[in-house]
């Protein structure tokens, strides 16, 4: 049985092998020589029997069937006018990137939406408000004295100048004149605060660009100034020292001598920083010609402070509208020429020296006398009087529980803060609490001009532009 099946299988195999093979009829029209150009029917496959068909969505997606450009010629050899190139006519979409809010060079919670063309900044859209705390509204629910510490939290790098601005506004509404010693103390600590701010500004700017050493050197000097803050007010950061009616307390013994000793050696620290940066080739290349703003544009963008003076406008509120003891000191206002980041850096370096000059004059001209107005309805009586006089104790109790009533009216007070013009608009309805407080922060206006300063620069230059603005988002977002 097995043998019979084997024979049948062999015969069937022989029969299949001897069968005539089927030949495929070739179409002579489809036969062509080898060429680089493919036939159009191969480029447009159609599988209608299977329910699928590839349909081109536009002329731009059609295959290039004329590799040698023969179709672009007329019969006489003259070139034809090519149709509109849809790819070139189509708008090119720029790349959008988020800068921050967690970027180390953003100096806080800055969020920038940058529209880039390659690495070139086409448009910059700053988004603010991530540090908004409602400071202006909170002040409406506090007495004038209780509202003062909120100003320390605005620009938390230059604290006492914020307090000074609010105190001047309240004193203008109260129509009081503070003692001379209080004026000189305020002026001296305003310049110490200016040095504190510029140290942070210039040296963190240098660190953002890539120079680490000046940052470490400068913070050693900032530590000494923080000690002066602590000795005069008890707090290193949020001092609440400058108050309506004067200052909180007199300068402790020995502090003026220590400030003098510090001021005599700080000039050498400025020179060391300038040796590291001013003639540094990398520093110059990163700053010169970057963030240029003309004097007219700076005025139109509401720039103040160094951002305005760097463009050649000699505007300083300490000179034009002097307050406290600034009308009794001599100093110069440094002004830039080109309006770029490098000129603004040079202005800040010169302001170090001018602030030292003012501090020396304050130390030499500091008069003796009280540091607060002797009106116990505005400033508290001394501790010794409280322990002996019942009326002084009542004044102290009412001052810190109820506060003092400010006559109805409104006023705007502006000072030359380290970052620019810091202004406070206060409206009083005659009660112990302000009806409205509006804060004019210089950094808010400067950040509004970021698009103007950065447009056309590289992405890496955005860090240099942010650094030269000296932004602190406590005051920008308020």
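Glycine is no exception: its Cβ is also placed from the backbone N, Cα and C atoms.
Keep in mind that what you see is a predicted model, and the values were worked out from it rather than measured.
The transit peptide feature in Swiss-Prot is assigned to 1-42; the stated evidence is experimental evidence. What Swiss-Prot lists as [4Fe-4S] cluster binding site is 341, 347, 362.
On the structure: features taken from Swiss-Prot.
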residue : record                        : CB count, 10 Å
341     : [4Fe-4S] cluster binding site : 26
347     : [4Fe-4S] cluster binding site : 20
362     : [4Fe-4S] cluster binding site : 25
